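TrEMBL lists 45-64, 76-96, 108-128, 135-152, 189-205, 234-250, 257-274, 357-376, 383-400 with the feature transmembrane segment. Per TrEMBL, domain 'O-antigen ligase-related' is recorded for 218-326.
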């Protein structure tokens with residue numbers, strides 16, 4: 001079975017290398033969403049290989065120089081790459097050349113180079129619009145399969161992946177105290193819930209490319225999967241996304257208040273009559289009312305323990321951290337007390353403190369502040385720039401709350417990169433139109 005998945009991955013990698021434009025982007029998305037990062041060709045995971053294949057395809061088709069020249073975050077990318085090298089260099093556990101290379105690639109490529117990959121996947125406005133139908137089909141398949149797994153109360157595809165690349169089925173294969181949690185073709189329901197929120201808002205941006213009926217049915221299908229994932233953090237991050245978007249795009253208006261009232265009314269009806277919505281809402285409210293003590297999962301007290309323990313490790317190696325995968329390879333195996341206190345190293349901030357150090361913290365902060373500033377300076381590109389701010393802030397909220405597992409970093413950075421390119425091109429088009437309009441007025 002493992003050979004079959006690897007063979008499929010190799011075919012997708014080969015097609016990405018050969019194709020250009022929207023076809024290349026389609027194969028990238030198929031690989032990202034249907035061959036999640038459980039699939040590996042050791043020592044590299046599938047997301048690393050997919051991004052590298054896309055990068056090599058740009059080089060092969062002589063597009064890399066042009067795209068890199070237009071990319072607005074070149075300097076910080078160079079800095080991040082150098083810091084990744086230094087984190088590995090200062091890690092005494094790494095000696096073999098292949099391990100050295102894989103540590104850099106498996107951390108830099110799917111986390112940060114993915115932003116450039118998403119950016120380069122949109123070459124023109126036409127590609128942006130045409131890719132919407134491809135992604136809509138992918139989201140439709142994921143949503144339908146999500147409902148099927150909810151009915152089955154099991155996920156045969158995820159079980160097959162885990163059996164092929166691990167020793168047993170994943171922890172999410174069983175019905176837990178909160179009920180069965182849908183993850184569809186991804187490998188984590190928490191990530192799946194948030195990604196479906198991103199998908200819903202992406203479809204909203206592309207709504208003019210679909211008929212009203214198709215848009216409504218597709219959006220409803222995708223949005224309901226948010227609740228089937230039954231993730232408190234995913235829902236809170238999604239609501240945060242919507243609030244940020246509304247505040248940036250619409251400010252405060254009667255129209256916004258009307259939308260808010262409608263959403264609240266619908267949520268109240270769903271809460272009253274749909275059991276799984278009620279259970280999910282109760283667990284979300286528990287975070288704010290009791291700190292999450294009544295529901296299984298992370299709570300406020302646990303977060304405090306994680307921060308205290310993370311700072312202890314940070315003080316030992318403040319500049320470049322203890323090294324990538326230090327928690328999994330050292331703490332879990334040799335320090336049971338610290339492992340329990342860190343509780344899976346949930347939260348990107350803890351990971352930065354323990355494994356990557358202050359220079360990485362500064363560089364990552366610089367990158368995301370630059371992305372936010374880029375979108376905020378271009379709010380004249382209505383809806384899209386506001387959504388860029390919302391995606392970025394909600395993504396940061398999500399990874400700080402839960403961590404970077406499940407491929408969420410790669411998926412979100414690709415989508416943010418795509419939106420960056422659209423805003424860049426659309427802004428240039430708008431400037432040209434304004435100049436032409438100004439010249440015509442002068443002539444008159």
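From the backbone N, Cα and C atoms, a Cβ is placed for every residue, glycine too.
What TrEMBL says about a protein is an automatic prediction, not a curated fact.
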**Message:** Let me spell it out: take the transmembrane segment (45-64), skip the flanking residues so only those 6+ beyond its ends count, and list any with a Cβ under 8 Å from a Cβ in it.
**Reply:** 9, 12-13, 16-20, 24, 28, 31-32, 35-39, 105-106, 109-110, 113-114, 116-117, 120-121, 123, 407, 410
**Stretch in 189-205, 234-250, 357-376 most in contact with the transmembrane segment (108-128), if contact is a CB pair under 8 A** = 357-376
**Prompt:** Hey, which bits of the same chain come close to the transmembrane segment (234-250), Cβ under 8 Å, at least six residues off its ends?
**Reply:** 189-194, 196-198, 201, 226-227, 256, 259-260, 280, 284, 287, 379, 382-383, 385-387, 389-391, 393-395, 397-398, 401
**Item:** For the transmembrane segment (189-205), distant same-chain residues with Cβ under 8 A (at least six beyond the ends)
**Value:** 132, 135-136, 139, 142-143, 146, 172, 181-183, 215, 218-219, 222-223, 225-227, 229-231, 233-235, 237-238, 241-242, 245, 383-384, 387, 390-391, 394, 398, 402, 405-408, 411-412, 415
**Request:** Averaged across the domain 'O-antigen ligase-related' (218-326), what pLDDT does the model get? Just tell me the whole number, please.
**Result:** 74
